[in-house]
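Notes for the one structure printed next.
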C-alpha cells in the first residue's frame, strides 16, 4: 500500500479516536502526526524532528500579530464600545421593518472589524440589543437568530486572526491581501442576512418606534468616531504601507488602551492584569496549536499525503466547479465538528494544492476556506458563536435552528458566489496592488 495512504489513515484514525475520547486537539495533532511518521522514521528521529518543527513553526515574526490583535480586541470589548456602535448603526437602519435586528447586523460587522471575534460580537451585541428588541415586541428566537447569523462577519472583515494563521500555513500568503480580500465577502454575508431579517420582520410586522432628532444623530455620530477611527488607522496604515500587519496589531493595542483608559474611561488600570491574562491564555492556545500543526504539515509533505489526495480528487473530475463544490461541502462538514484554527491548520495543506492545480489564487482559496469555517461557528454540535448567541439571547438551540435555516440558505448562496466569482475576493487586493 502507498506510504501516503498508510500515514493518512493512521493520522485520520488516531485523530478521530482521540477527539472522541476528549483528548485536547493540540495533543491529538502531535501524537497522531508522530505515530504516522513511524513507518518511515525511527522513534528517536521522529520525536526529535517533531520538537524541531514545533519551534520552527512558531518562530515566525508575523505570528506576533495574533497576541496583539487578541489583546486589542479584549480591551475594546471591555471598554464599552458596543453601546456606541449600536447607536451608530441605528442611524443607518431608520424605521425599516426589523430595524433593531438590522442594527444588530450592522453593529456586528462594525464590532467584528474592531475585535476580530465572532463570539465577542455575539456576546456584546446580543446582551445589549436583545433586551431592547424584547421590549419592542420582537420574538426572542428571531432576535437571537439574527444576532447569531451575523456575528461571524467579524471573522471575514479584518483584522482577523484566522487570516494570519492561514497566511502562515499556506506558505506566506500576504496578510494585507487577505485582509483586503475579506471585506466584500464579509459585507455580502451581512447583507444576505439583512435580506432574511427584512423578510421575517415584514412577515411579523416588526417596526422600530425610536427616531433620532438631528441633534441626537450628530451626538451619536461623534461618540462613535473614536471607535471607528481604530479601523481607519490600523487598516489604513497597512494599506498605505506605513506599517505592516504585525506592526498594525501593536498600534491597535496602543490606540485601544488610550481610548478605553483616558478617552472613554471605561476601563480602570486595576482591570488590565485580568485582560492581559485572558489574552495570554487565548494566545497560548492558538500558538501551541500552530506549533504542533507544523509537525502534521511536515509529515504530510514528507509522505506525500497532499499529492495523493489531490490526485484522488482530480481523478473524480477535472472540472473546476465540481472540485470546488466538493471541497466546499467537505469544509462545511469539517467546520461543524472542529474549531476554525485547527481546521485551518490541518486542512489547508491538503486542499490548497488541489485548488492551486486548478489555477486558484492562494488569497481566493483562503477567503473561501475561512468563509466555510465561519459557517461552522454557527452550526451544532461545536458552533461556539451559536452557543454564545443562544446564551445571551436567553433561548435554546432547538428554538433558533428553524429561523436559522433561511439564514444558512442565504449565506450558502454567498459562499457559492465567493467560490465561483473570484473578483469578489480579488478585486480589492488587486486594486491596491497586493496580488
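Cβ coordinates are placed from backbone N, Cα and C, and glycine is handled just like the others.
Annotations in TrEMBL come from automatic prediction, not curation.
Note that the structure is a prediction, hence the values are computed from the model and not measured.
Here TrEMBL flags 12-422 as domain 'TRAP C4-dicarboxylate transport system permease DctM subunit'.
According to TrEMBL, the transmembrane segment annotation covers 54-73 (among others).
Counting only same-chain residues 6+ beyond the ends of the transmembrane segment (85-103), those with a CB under 8 A from a CB of the stretch are 110-111, 114, 125, 128-129, 132-133, 136, 138, 142-143, 146, 194, 197-198, 200-202, 205-208, 210-212, 217, 220-221, 223-224, 227-228. Annotation comment: TrEMBL describes 85-103 (among others) as transmembrane segment.
Packing against the transmembrane segment (109-132) from elsewhere in the chain are residues 69-70, 72-74, 76-77, 81-83, 85-86, 88-89, 100, 103, 140, 143-144, 147-148, 150-155, 157-161, 186-187, 190, 227-228, 230-231, 374, 377, 384-385, 388-389, 392-394: each is 6 or more residues past its ends and has a CB under 8 Å from a CB in it. Summarising the annotation, TrEMBL assigns transmembrane segment to 109-132 (among others).
Beyond its flanks by at least six residues, the transmembrane segment (175-200) meets 62, 65, 96-98, 101-102, 105-106, 108-109, 112, 142, 146, 149-150, 152-160, 163-164, 166-167, 206, 235, 238-239, 244-246, 363-364, 366-367, 370-371, 374, 403, 406-407, 410-411, 413-414, 417-418, 424-429, 432, 434-435 of its own chain at Cβ-Cβ distances under 8 Å. The transmembrane segment feature in TrEMBL is assigned to 175-200 (among others).
The transmembrane segment feature in TrEMBL is assigned to 220-242 (among others). Tertiary proximity for the transmembrane segment (220-242) is limited to same-chain residues at least six positions away from its ends with a CB under 8 Å from its CB atoms, namely 72, 76, 81, 84-85, 87-88, 90-91, 110, 113-114, 158-159, 176, 179-180, 212, 248-249, 251-252, 255-256, 259, 263-264, 432.
TrEMBL lists 248-264 (among others) with the feature transmembrane segment.
Residues 2-5, 7-8, 11, 25-27, 29-30, 32-34, 36-37, 40, 49-50, 53-58, 63, 66-67, 70, 161, 165, 168-169, 341-342, 345-346, 349-350, 352-354 of the same chain sit 6 or more residues outside the transmembrane segment (285-309) yet have a Cβ under 8 Å from a Cβ within it. What TrEMBL records for 285-309 (among others) is transmembrane segment.
Annotated transmembrane segment per TrEMBL: 321-338 (among others), in sequence order.
The transmembrane segment annotation in TrEMBL covers 345-363 (among others).
Taken from TrEMBL, the feature transmembrane segment applies to 369-392 (among others).
Here TrEMBL flags 404-428 (among others) as transmembrane segment.
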Candidate ranges 321-338, 345-363, 404-428 - greatest C-beta contact count to the transmembrane segment (369-392) (under 8 angstroms): 321-338
Stretch of maximal Cβ-Cβ contact with the transmembrane segment (321-338) [cut-off: under 8 Å; candidates 54-73, 248-264, 345-363, 404-428]: 345-363
Same-chain residues near the transmembrane segment (54-73), Cβ under 8 Å, at least 6 residues beyond its ends: 30, 114-117, 120, 159, 161, 164-165, 167-168, 175, 230, 245-246, 248-250, 252-253, 255-256, 275-276, 279-280, 282-283, 286-287, 290-295, 297
